[in-house]
Amino acid sequence: MDKDAKNLTALEAERELEWLAKEIARHDVLYNNHDQPEISDARYDALRRRNIEIETLFPELVRADSPSYKVGAPISERFEKSVHAQAMLSLDNAFSSEDVHEFVERVRRFLRLPVTKTLEMTAEPKIDGLSLSLRYEKGKLVCAATRGDGYVGENVTVNARTLSDIPQVLQGDFPDILEVRGEVYMRHSDFQDLNVDQQEKGKLVFANPRNAAAGSLRQLDTRMTARRKLKFFAYGWGEVSEMPAKSQMEMVKKLKEYGFVINPLTKVFKAVEDLISYYHFIEEGRQHLDYDIDGVVYKVNDLLLQTRLGNVSRSPRWAIAHKFPAEKAMALLENIDIQIGRTGALTPVARLAPITVGGVVVTNASLHNEDYIKGLGSKSESIREGRDIRIGDTVIVQRAGDVIPQIIDVIIEKRPKGASPFVFPSLCPACGSHAVREVGEAVRRCTGGLICPAQAIERIRHFVSRNAFDIEGLGEKQVEFFFHAQDETLRIHSPADIFTLQKRQEKSLTRLENMEGFGTLSVRKLYDAINARRKIPLSRFLFALGIRHVGEVNARRLARAYQNYNAFETVAMTALMPCNKEDKGNEEWLELTSIEGIGVRVGKAIIDFYQETHNRDVLSSLLQEVTPLPEEAAVADYSPVAGKTIVFTGTLVHMSRDEVKALAERLGAKASSSISKKTDLLVAGIGAGSKLTKAKELGIEIMDEESWLQLINEHHI
């Protein structure tokens, strides 16, 4: 991450995105499920920001497991699952005043607000705690759930009822259904008392109030939660049967009327400069607060504008978190490990003696590639004044972002005698194949391909992962066990092997039930979990295949566009890419690449995947065992445009082009940029030209912008 993203080559960007996706996912699990973060929030934010920056510059390289489309982490198995009626999204981050100005300008452009139009924003401290959603029906608390992965959380209702800040019954005139979102936290004074008590009882102390709050709320013993003096600030909402307010601030005040505690520092401002001043005011005064904060959150105050702005994959367009600066610390570099990714990339990871930076325990840091270790940048320029990194060094670690921390320098004066330069392996540690670094690349890659167990195992892990086939009982350790099994009736080397496991076992004398870590009950549950996935939504199926650049979002786009697998496969097998500048490719190619978000790079990756004989063989075997189901509608049945392909052309007056496309997609339609026989509707603005003419020739339904808005409004959307 030392190199400016703008100067990255496509290959360098691809390698770094691979590392970011894996590390961010690992730390999401540590933070959300185990309450044991290894890095600071600032470091976590920096990595997420780096990921978004690279994806923005290289949209064609967005990965199937991109953290940009994920919120939180898959939930643990300690609590029952609770599905959020509305997704609990995360927030994009700002790290400077310039970022805040850009955010406000971005909002104005999306809404087409003139400079003279005032844009009110709320500002509030960003509480460093555990996000919680509280569902009330007829004024009574019926469910409390953690964020989880943003869509499904942990049901902690019994524990939440012990918090004095959470009303069991709402006060005043409240909606029939109300989901309140907020943050569970622990005051500094209560945190200190808790750790004193832990020490006296000979128990482990907590690293910081956030960990203590999260661990306390997720206790299996409710009495333990009740003793921990947890607090709750309400700041938002999810599903509401009837909105009682027109602005963010008005709604927050309503929450107070209902009986919730709101942060008294929440304010409304009309100018960006006032937001920045408020940020510095809070930053300077944070030491006097009795709870942890890690920034300031800005939100568009007008709820109608919030609705128009909508959301992107993992965050709302109408809010942003302005984070406080990073912190630094010295750490001892104990070792350097080499990890092998699904695509064969060799990634060095620093193992550090545990240190605490800003209350967060740090044990790992990325070393990016061999040049970075040598003290060289992406263009072979000197970094860190040429100081290389060696095992045994004392290094400067900066917490400023996402997944693992960043090593920014080496303390040469503390280098032990005899410390030798690190020799990057030229052979893959997993399979012994040559690790080749091609010209212009920063990363070495294993050439073992399918014979490399590390790569093959990662592919299977991806296939069974939470957002793909989501097969319970096939975690990392189990996948490794089955992959390395000596008995062929236990071996899993391809996706189809998963679904033939039970049949092979029925004819075997080597019983899985007798293996260490398994038993009759666990094996039965595993088979049930596997058989439950023999029918799966098309989007999950496509994502599970691991086609480069086809992440969760693109998989959903493809599934929505083609509805069934046969239609998708036909296009993937018959699409012909342009062979020269004059050639535009055949109709299937144009159809594929005209899907919103699916461009030339993604289309090429899909075609390349299906042209590979091995991939077709794997798919053929897999399709004998599983059935991809037509994609379910992403919106309610009453959406007038659900499932339709819409093209917008000409100049639109009331909404920006981005806004109408985003609205169409939220309503279950596919926004396309080109007219074809499969187009259902053309919305024509002022000055519509050739697309309007072609639509008339093809007999496609046409309406103007006013009719489009009327259609939407008639259905209360």
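Glycine is treated like the rest: Cβ placed from N, Cα and C.
Copied from Swiss-Prot, the annotated features are:
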BINDING   ASP41, ALA42, ARG43, TYR44, ASP45, SER90, LEU91, GLU124, ARG147, GLU183, LYS299, LYS323  NAD(+) binding site
ACT_SITE  LYS126  active site, N6-AMP-lysine intermediate
BINDING   CYS428, CYS431, CYS446, CYS452  Zn(2+) binding site
DOMAIN    636-717  domain 'BRCT'
| query | Got a sec? Which of these recorded positions, ARG43, LYS126, LYS299, has the most Cβ atoms within 10 Å? | reply | ARG43
| field | Cβ atoms near CYS452 (Zn(2+) binding site) (within 10 Å, other residues, all chains) | value | 19
| field | binding-site residues listed as CYS428, CYS431, CYS446, least Cβ neighbours within 10 Å | value | CYS431
| query | Helix, strand or coil: which one is ARG147 (NAD(+) binding site) in, per DSSP? | reply | coil
| Mean pLDDT, the domain 'BRCT' (636-717)? | 79
| task | Count the residues of the domain 'BRCT' (636-717) that DSSP assigns to helix (H, G, I), to strand (E, B) and to coil, and report the three numbers in that order. | result | 29 helix, 18 strand, 35 coil
| said: I need the nearest neighbour of CYS431 (Zn(2+) binding site) among the recorded positions ASP45, LYS126, ARG147, using C-alpha distances. | reply: ASP45
| What does DSSP assign CYS446 (Zn(2+) binding site), in three states? | strand
| note | One should report the C-alpha separation between the residue listed as 'active site, N6-AMP-lysine intermediate' and LEU91 (NAD(+) binding site), rounded to whole angstrom, as 11
| note | Taking only the CA atoms, the spacing between ARG147 (NAD(+) binding site) and CYS428 (Zn(2+) binding site), expressed in whole angstrom, is 39
